[in-house]
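K.L.:
One structure coming up, written as structure tokens, with questions to follow.
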Amino acid sequence: MVILRGGDGRRPSSKTLNHPDAASNRDDYATAKDGGYAVEEDEDTPLLLRSETASDRRRRDARAAELIQKHPKATSWRSYLWDTLDKSPEERRFLFKLDAVLLTFASLGYFIKYLDQININNAFVSGMKEDLGLYGNELNYMQAFWTVGYVIGEIPSNLLLTRVRPSIWIPACEVTWAVLTVFLALCTSTTQLYVLRFFIGIAESTFYPGMQYIIGSWYRKDELAKRSCIFHASGALGTMFSGYLMAGVYKLDGYRGFKGWQWLFIVDTAVSLPIAVAGFFFLPDLPEITRAFYLTPDDVALAQKRMQLEGRAQRSPYTRAKFAKIFKSWHIYLLTALFVFFNNGNGALGQPAMQLWLKSKGYSVEEINTIPTITAAITVVTTLIYAWTSDSVFRGERWPPIIFSGAVLIVVYTSFSAWDYIPDGWKWACFLMAGCGGGISGLTFAWAHEICGDDNEERALVTGSMNEMAYVVQVWLPLLVWQQVEAPRYIKGYVTMVFIAIAMIVTALVIRVLHHRERDRKLLFVGA
């Protein structure tokens, strides 16, 4: 934070400095320094700002404006492969550094988050069920306790990110869930499992919506879907790796007195902790408050100008009027509904449906854990296809891949609803095709960033609400339609998924109409 004082010790008036709603801390600092004010700096003041004058800032802004396209557009076929290839060399270098650090950390973080979230399913089908006597619906309850913790922590965490440095808050939560995960290996009762899963859920609640908020604070429309989807795809990679890891550590069964499924939790923590600690040093926060050592002052000016051209608002105070505006808009309700339908509309991925079916068919532990990773691989591939086509072929439109995904899920779950009447070969095909429905999360968040781009706090609240309400539904829905005792013939679950897929398609089409209408009104207002 920067505190500015004049020669008489008083703070300058709002007429002297830019109002905080309209300018960044950096502007206030530079203006005050040129105006002869003394500056008191604390540890929150970005190092990049401490020697900069207003003339330096104006020069950097002018240079940044020259380097950035006001309206990004493809000028050659290369940009369809990767969007930075048609940008200026300076912007390309900046994005290379940002991708190399932010996107890598986000992807690794989500990888370990999903690894530590989904490991309970792999452990359950690999001896945990028998060793702890979990023959009822205990798996459902373990998932429910995790979800309750996740729900409780999510929106408060995302709102906190608009006031606390993400480079402190997010890694601290990562370290917490990584440490708690290893204690799952020591559990001897369901009560211990439930308590640990609850607190792991709270710790993990900050990561996905928080990182989506940060990604949306750095990237422009032609870049956003690809980054959001690459980030999301790392979760599917976590699912795959968890299966391979369980197949590998199962061979350690009995080593040093631990069962194979216990070694899964131990190794998960060993993988997660180094990545979590790295976040304290590499996460760049937001453009207006970054103090990342790998970004130059020119990079920061470029980042801020990019967001200004994108209409992406900076942080401002929460007020009663702001909350009223947010909750009177359709944004928070329809975008939240869209993500609720996505997140709860592909239960064959969220539940160990395929694993339990394979187990009922007599497959080995290794096969039960590795064969379902094919579905996760399909999710990764289709996620990237959705991202690239949305940014290029569909010219930034997010709804076409969402409609396609919903249509595939209708086919899959309509087929599963006739479980007793379809051959095993078609069941195999449907379990694999279900992977096509798991890759649109990044698109829904990219859409939310664009729709809510002119209000930073709305963007944080809406993206937090999307994930929050999705998991609120996930607390109780599996207990009704995905009961462990009915596996793998989840008829109620499969039928429910058909209706959710239909609802997702309808919601996406309604959002498209309202967004286009809202965008046209803004263009008319600007033109007037």
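Counting begins at 1 with the first residue displayed.
Glycine too: its Cβ is placed from the backbone N, Cα and C atoms.
According to TrEMBL, the domain 'Major facilitator superfamily (MFS) profile' annotation covers 102-519. The region 'Disordered' feature in TrEMBL is assigned to 1-29. Among the features that TrEMBL reports, transmembrane segment is placed at 168-186, 198-218, 230-250, 262-283, 330-350, 370-389, 401-419, 425-448, 494-514.
Distances, neighbours, how buried they are, the whole picture for these features please.
P.N.:
Within the chain, the transmembrane segment (262-283) has long-range Cβ neighbours (under 8 A, six or more residues past its boundaries) at 101-102, 105, 108-109, 111-112, 115-116, 119, 122-123, 126, 166-168, 170-171, 174-175, 177-179, 181-186, 214, 242, 245-246, 249-250, 252-253, 255, 292.
Within its own chain, the transmembrane segment (330-350) has Cβ neighbours under 8 Å at 375, 379, 402, 406, 409, 412-413, 416, 430-431, 434-435, 437-438, 440-441, 444-445, 447-448, 451-452, 458, 461-462, 465-467, 469-471, 473-474, 477-478, 481-482, 490, 493-494, 496-497, 500-501, 503-504, 507-508, 510-511, 514, counting only residues six or more beyond its boundaries.
Within the same chain, residues 80, 225-226, 228-230, 232-233, 236-237, 239-240, 243-244, 247, 349, 354-355, 358, 363, 400-401, 405, 431-436, 438-440, 442-443 sit at least 6 positions outside the transmembrane segment (370-389) and bring their C-beta atoms closer than 8 Å to a C-beta of that stretch.
For the transmembrane segment (425-448), same-chain residues at least 6 beyond its ends with a Cβ under 8 Å from one of its own Cβ atoms are 212, 216, 224-225, 227-233, 236, 331, 335, 338-339, 342-343, 345-346, 348-349, 353-354, 357, 372, 374-380, 382-387, 390, 398-399, 401-402, 404-406, 408-409, 411-412, 415-416, 419, 459, 462-463, 466, 501, 511, 515.
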